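Here the structure comes first, spelled out in structure tokens, and everything after it is commentary.
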Amino acid sequence: MDGGFYLLVVIGLVSLGVVNSVHGQGTRVGFYSSTCPRAESIVRSTVQSHLNSDLTLAAGLLRMHFHDCFVQGCDGSVLISGNNTEKSAVPNLALRGFEVIDDAKTQLEAACPNVVSCADILALAARDSVVLSGGVSWQVPTGRRDGVVSRESDVELPGPDDSVDLQKQKFAALGLDTKDLVTLVGGHTIGTTSCGLLSSRLYNFNGRNGPDPTIDPSFLPQLQALCPQNGGAPSKRVPLDNGSQTKFDTSYFNNVKKGRGILQSDQALWTDPSTKALVQRYSLGLTFNVDFGNSMVKMSNIGVKTGSEGEIRKKCSAFN
């Protein structure tokens with residue numbers, strides 16, 4: 001994720017979708033089993049078709065789901081095109097895969113008009129992207145409705161330079177705990193980030209006119225070669241999981257242990273005592289895939305609209 005993720009009991013309940021059942025029926029696995037039985041298979045085949053042409057889109061779709069859920073809840077608001085929308089916010093400018101969602105929506109509208117929400121398509125596509133990149137599947141609860149608000153000014157995502165404490169605050173505000181934080185940031189096992197987000201870490205860390213001392217000294221020249229100090233290419237891409245950027249696995253955690261975490265927020269997970277044990281556990285391959293699915297379900301129920309709330313968009317990039 002080109003960025004990175006949010007103790008009040010009430011907030012926690014809303015985040016987990018518990019309170020949503022008061023207003024609607026809530027999300028559940030198999031929500032479309034009678035109204036659009038082929039919904040999940042249509043999304044899966046669409047994602048597979050696009051990934052067959054470009055496997056790097058998997059990381060884009062996973063990241064897009066994160067960025068959607070962290071602003072206004074998981075309601076497809078990040079998909080809306082136009083000026084001053086979430087999509088136009090700086091942290092979202094590098095998001096990729098919108099055409100996959102649009103393609104799936106077109107096919108679903110032909111099969112089951114006005115039934116499947118864009119928010120659900122995105123949640124399903126994120127899961128399918130992980131599976132098609134070598135990860136383990138999980139059941140995705142569906143029944144979300146699409147939001148009717150998308151504002152650039154609402155976008156405040158976890159940042160690449162955030163301390164662990166700040167990351168934990170942002171996750172906790174949305175009902176996610178420290179385990180969810182480490183698990184979900186493990187999504188950085190696929191995808192890339194930009195040299196622009198690395199520059200200060202490589203050359204002027206905390207204004208010291210030198211690199212971040214937590215970077216593995218044998219890895220530093222490789223990063224500096226990819227992102228030269230005066231290279232004039234801040235948009236050049238760097239793999240977030242060195243050596244394994246298109247495979248969903250646990251090598252990301254091994255890289256973090258070795259001082260090869262790419263973002264400052266990644267590397268901090270190993271140096272902070274509150275997250276180090278989980279990084280160690282996942283680096284050994286223990287329970288990460290199962291935990292990732294569980295945390296994804298938890299995240300995907302943040303602030304969902306259900307029942308009569310929101311709408312079912314006819315086109316994912318525009319309100320009805």
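In case you wondered, yes, glycine gets a Cβ from its N, Cα and C as well.
Sequence annotations record features per position, and here TrEMBL assigns active site, proton acceptor to His67. According to TrEMBL, the Ca(2+) 1 binding site annotation covers Asp68, Val71, Gly73, Asp75, Ser77, Glu86. Under the heading heme b binding site, TrEMBL lists His188. According to TrEMBL, the feature Ca(2+) 2 binding site maps to Thr189, Asp241, Asp249. What TrEMBL lists as disulfide bond is Cys36-Cys112, Cys69-Cys74, Cys118-Cys316, Cys195-Cys227. As annotated by TrEMBL, domain 'Plant heme peroxidase family profile' applies to 26-320. Residues or ranges marked as signal peptide in TrEMBL: 1-24. The annotation site 'Transition state stabilizer' is assigned in TrEMBL to Arg63.
If you take the C-beta of Cys36 (disulfide bond) and look for same-chain residues 6 or more apart in sequence within under 8 angstroms, you find Leu108, Ala111, Cys112, Val115, Val116. Sitting within 8 Å of the Cβ centre of Thr189, Asp241, Asp249, and not among those site residues for Ca(2+) 2, are the Cβ atoms of Gly186, His188, Ile190, Ser244, Gln245, Lys247, Phe248, Thr250, Ser251, Tyr252. Geometry remark: Asp68 (Ca(2+) 1 binding site) versus Cys74 (disulfide bond), CA distance 6 Å. Here Arg63 (site 'Transition state stabilizer') is positioned 14 angstrom away from Glu86 (Ca(2+) 1 binding site), judged by their C-alpha atoms. Residue pair the residue listed as 'heme b binding site' / Asp241 (Ca(2+) 2 binding site) shows a Cα separation of 7 Å.
Neighbouring residues of the recorded Ca(2+) 1 site, listed in sequence order and excluding Asp68, Val71, Gly73, Asp75, Ser77, Glu86, comprise His67, Cys69, Phe70, Gln72, Cys74, Gly76, Val78, Gly147, Ser150, Asp154, Gly303 (Cβ within 8 Å of the Cβ centroid). You'll find the Cα of Cys195 (disulfide bond) roughly 26 Å from the Cα of Cys69 (disulfide bond). Among the recorded positions Val71, Ser77, Cys118, the residue whose Cα lies closest in space to that of Thr189 (Ca(2+) 2 binding site) is Val71. Sequence-distant neighbours of Cys118 (disulfide bond) (same chain, 6+ residues apart, CB-CB distance under 8 A): Gly76, Leu79, Ile101, Lys105, Asp146, Arg313, Cys316. Cα-Cα distances to Gly73 (Ca(2+) 1 binding site) place His67 within 10 Å, out of the recorded positions Arg63, His67, Cys227, Asp241, Asp249.
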